[in-house]
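Down below is the structure, laid out as structure tokens.
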Amino acid sequence: MLVSVSNVVETMFMLLTEHGLLVVTPHMMKHLDNVIDIMICSSVVSSLSFLSTIAADRYITIFYALRYHSIMTTQRAVTVIVIIWLASTISSTLFIVYYTDNAVIVCLVTFFCITLVFTAVLYLHMFVLAHVHSRRIIAFNKSRRQATSMKGAITLTILLGVFIICWGPFFLHLILILTCPKSPYCTCFFSHFNLFLILIICNSLIDPLIYAYRSQELRKTLKELVLCSWCF
């Protein structure tokens, strides 16, 4: 979402500047670039953090269903959300300020790998144990609750897969900057950087479609809206 907003802001400034409707000094342009970079970096860090957090939430829902409401209270949920946004903003600001240091790229790539491994382990544990436990469940209400939780876990798995596809080339770009910045093969890969940015923007567009497709209630509502529009 932040990536899309940052690109819209950047495009607006470029159009206004080209048509002479806005006078931007080089100093202002530098600050604007920094703000846009911080928004993009915050989007990366927060997206990864929220994917891991939601995976942990699904894990608790499936394996600690009876204690879920005592573990995941509204206050704790709000606290986690605030902490993620604050940490994402602060870390992204530091990353952009010290962007020339290779340690920044190492931190981003390491964070990307750690969160993906953490999320993948949770999902694997969820699917394996949920499959085993589903055979032992007798009570209808409990099986229904677990089926709903598993559906949510599957949806999040799809979202994670789309995230990896859309953001993977960008992080591979960062890795290649560290490992082979002057290699002709890496240089050829670097030339497709704009395509990687388009994939990142597509991630923001695809996620709502996945939610719509996986939500039966939302599909029903959209179907009713389409039918009503045809009636008029």
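Cβ from N, Cα, C; glycine included.
Caution: TrEMBL annotation is automatic and unverified by curators.
The feature domain 'G-protein coupled receptors family 1 profile' is assigned by TrEMBL to 1-211.
What TrEMBL records for 35-56 (among others) is transmembrane segment.
For the transmembrane segment (77-97), the list of distant contacts is 34, 37-39, 41-42, 44-46, 49-50, 53, 104, 107-108: same-chain residues at least six beyond its ends, Cβ to Cβ under 8 Å. Positions annotated as transmembrane segment by TrEMBL: 77-97 (among others).
Look at TrEMBL and you will find 103-132 (among others) tagged as transmembrane segment. Residues 41, 44-45, 48-49, 51-52, 55-56, 58-59, 62-63, 95, 146, 149-150, 153, 156-157, 160, 164, 167, 171, 174-175, 177-178 of the same chain lie 6 or more positions beyond the ends of the transmembrane segment (103-132) yet place their CB under 8 Å from a CB of it.
Listed as Cβ neighbours of the transmembrane segment (153-177) (distance under 8 Å, sequence separation of 6 or more from its ends, same chain) are residues 44, 47-48, 51, 54-55, 58, 62, 105, 108-109, 112, 116, 119-120, 123, 126-127, 130, 183, 186, 189-190, 192-193, 195-197, 199-200, 202-203, 206-207, 210-211, 214. Summarising the annotation, TrEMBL assigns transmembrane segment to 153-177 (among others).
Annotation source TrEMBL lists transmembrane segment at 189-213 (among others).
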